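The structure appears right after this line, and notes come after that.
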């Protein structure tokens, strides 16, 4: 896997990532995409999304603060993505607490397309029909059976599924990876998960093996987080250091420093 130049290929293309995301972390997602080497566009008007998806490299749908207007725009955007062969990443933020979000995911799967679902372990286990522990948008789950949950959900939606926590798990229904990098400080800043979803969209835009591209995105965030914590131990300065280290991250670094178990 060390020969997979996921980040290099992404930066060579500067993919346009169309984001329909939440209002809490929209700026964070835009900035981390820019630092990573992608080009963000935060377009969510219903009358604009169909055309804009057609010129985009990937579509990132984050359900964090889902308004009715965002819901209708996201569904239409997913239809355009299906029609124009644009990969779609969905982050089901808070779905155990707000069941309507599951209906939106199922609607997108029905009329559009889903290439990657990226959530925390509690969200992914909930979507897979397993018992999970969550509080609002946060997971309290210990990660037991997380890879099984990813595998089941990947088979259900025929996509890549990533579950993040103390360890991170990725599956395409047959293959999988377990990632053991990261720092607890990533849980002390708002939007780390949302930013990771944006990175997953960037890496999958021009890379065929989306299990590998998703693993690379998670490694990028986790290792940048580790390095940021070496430089800054307080949340405000850590956030800045995280963006800086994403800017400097490379394929060589993530595969050399990455602690990944392939399944």
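Cβ atoms here come from the backbone N, Cα and C positions, even for glycine.
Residue 42 (substrate binding site) is surrounded by 15 other CB atoms, counting those within 10 A of its CB over all protein chains shown. Here Swiss-Prot flags 42, 191 as substrate binding site, drawing on sequence analysis.
Within 10 Å of the Cβ of residue 164 (ATP binding site) there are 27 other Cβ atoms, across all protein chains. Marked as ATP binding site by Swiss-Prot on the basis of sequence analysis: 118, 164.
Following the DSSP three-state reduction, the secondary structure of residue 118 (ATP binding site) is strand.
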